[in-house]
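Take a look at the structure below.
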Amino acid sequence: MTTEAAVLDYKVADISLAEWGRKEIEIAEKEMPGLMATRKKYEGKKPLAGARIAGSLHMTIQTAVLIETLVELGADVRWASCNIFSTQDHAAAAIAAAGVPVFAWKGETLDEYWWCTRQILEFEGGLGPNLIVDDGGDATLMIHFGYKIENDPSMLDKTPGNAEEKALLQQLKAVFAEDNQRWHKVAAGMKGVSEETTTGVHRLYQMMEKGELLFPAINVNDSVTKSKFDNLYGCRESLADGIKRATDVMIAGKVVVVLGYGDVGKGCAHSMRSYGARVIVTEIDPICALQAAMEGFEVTTMEEAVKEGNIFVTATGNKDVITLDHIKQMRDEAIVCNIGHFDNEIQVDALNNFKGATRINIKPQVDKYVFENGNCIYLLAEGRLVNLGCATGHPSFVMSNSFTNQTLAQIELWQNDYKVGVYRLPKKLDEEVARLHLGQIGAKLTTLTKEQADYIGVPVEGPYKPEHYRY
C-alpha cells in the first residue's frame, strides 16, 4: 500500500521509515568517499544551480547519497526507481522526508512504474527537466517515444507488443491529451543525459545511429571506474547476496551456469567459483569465450549446459537467452535468475503462459514452477535484477565510484553546451575518481619523477594511459 501526501510532492511505501533510512544513509556516506569529496570540492559553489534533474535509477541507500550530493551542488531533483523491485523503502522515505520529490516503492506494478517515471519529468510550473540521470534509459525512452507520438499520433492506436509497452503507452496517451506538444518542449530544454548501465548506453548508440537522439548523452557506464568496478566487483558480491537471501542454498558443490562473460558475467563467474561452485560459461563473443576458458571455466552452449546446471545466471543484456524450452529441460530444483538490466533475458512471459507448469509463490520475489513430470524450478525476482530484487544491490564503496562519475557527468553537461551525440568522460576525470577512493582502503600511490614522466611521455600528474588502453 502506498501513501501519497497531500502537501508534499512524493509517493513512497511508508514515510515513517524515514528515520531508519536516514541512519543507513549516514553509514553509507562514510563508505562513499568520492561523493563526499565532490561535495567538499564544490562547497558553496553550487555548480548545478538552476539545473532540474530527473533521476531514474534504483532508489537505494547509495542512491540517496547521490541525490543529496546533487541537491547540495544546487540542483532541483525529482527521482524514481528504474526497476519495479529495486527500491529500498526506507531510503525512499528518507529522501522524501528531506524534501526531495521521490516516486518509488518496492513492488510497483508496470502501470505504477511508468506513472512514477512520468512524475519525475514534470517539474513545478509545467517545466520539464534539463538534465537526466538514467539507468537503463527508461526516462530517456519516455521523452523520445512521446516525441515520436507527437509527430505521428497514429502510434497511440498501435497494439502494444507487451505489458510494459502497454503501460508506457497509457501514460503517453494521458500526456498527449493534456498537451500534444509536451515532449517537443521538454526535448528543446534538455542539456543532456548521463547513462549508468550497459543496456541504456546500447539504446543511446542505437538512437544516435538512426538519427533519432534528441539531446547529448554521456556514457558513464564505459568509464573505467564504473564498468571495471561496479559491473565486476559489485556483481562479485551482490549476486551471491541475492541468491542466498532468496533461497538459502549452499553454493559450494553446485554447477552454476553464467550466461555472458562481459564485465558483469566475469564478476558473477568469479563469485560463484569463490564459493566452491563448478562454473560453466556461455558466450557468443570469441574473445570473451577465450578469456573465460583461460580463467579455467568450462565454455559451452546453453544446449549443453542446461542439462548440468543447478543455478543459472543471465548477464548478457540480450533477450531470450534462457527460453521456455531451456527451462523445461532443467534439472529438478534448478534456480534461475538474471542480473542484466531488463527482464527479457529469461522468457518469463512464456513461462507464465505455459499451461504445463503451475506457479507457486514462495515469498516476495521467489516463485516455484512445478511441471507435469513433477520437476520444478525456482525463478528469482520474476527474472528482473536478482541482486536488487532479492537483496540490496552493490555495496556503498563500489557505488561511490559509479555515482561520482554520474555527478561529474551532470556538472559537465550543465556547464557546457554539447552537440547531440554520445560522449565519455575524459581519462583525467576517470583517474581522479579512482584517486578519491584509494585512501579509504589504505592504498598509496607512487609518484613519477619528472624524468620518468618524460621517459614514458606522460604528465607527472596524469593521465597515464591513452584512451584506447584496456584495463
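Here the Cβ of each residue, glycine as well, is placed from N, Cα and C on the backbone.
Features as listed in Swiss-Prot:
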- T60, D135, E196, K226, D230: substrate binding site (BINDING)
- 197-199, N231, 260-265, E283, N318, 339-341, N387: NAD(+) binding site (BINDING)
Next on the checklist: Applying a 10 Å Cβ distance cut-off over all chains shown, what neighbour count does G262 (NAD(+) binding site) have?
Outcome noted: 20
Item to check | Top Cα neighbour of H341 (NAD(+) binding site) in the set of binding-site residues T60, D135, E196, D230 | outcome: D135
Item to check | Between T197 (NAD(+) binding site) and K226 (substrate binding site), the C-alpha gap once rounded to whole angstrom | outcome: 9
Item to check | Which of T60, T197, T199, all binding-site residues, has a Cβ with the fewest other Cβ atoms inside 10 Å | outcome: T199
Item to check | Subset of binding-site residues (G260, G262, E283) lying within 10 A of T60 (substrate binding site), CA to CA, in sequence order | outcome: none
Checklist entry - Looking only at D230, E283, the binding-site residues on record, which one has the least crowded Cβ, with the fewest other Cβ atoms within 10 Å? => result E283
Checklist entry - In sequence order, what residues of the same chain, 6+ apart, have a Cβ less than 8 Å from the Cβ of G260 (NAD(+) binding site)? => result T282, E283, C288, T314, A315, T316, G317, N318, V321, G340
Item to check | Nearest of the binding-site residues (D135, E196, K226, D230) to V264 (NAD(+) binding site) - Cα to Cα | outcome: D230
Next on the checklist: Between C-alpha atoms, which of these binding-site residues comes nearest to T199 (NAD(+) binding site): D135, K226, D230?
Outcome noted: D135
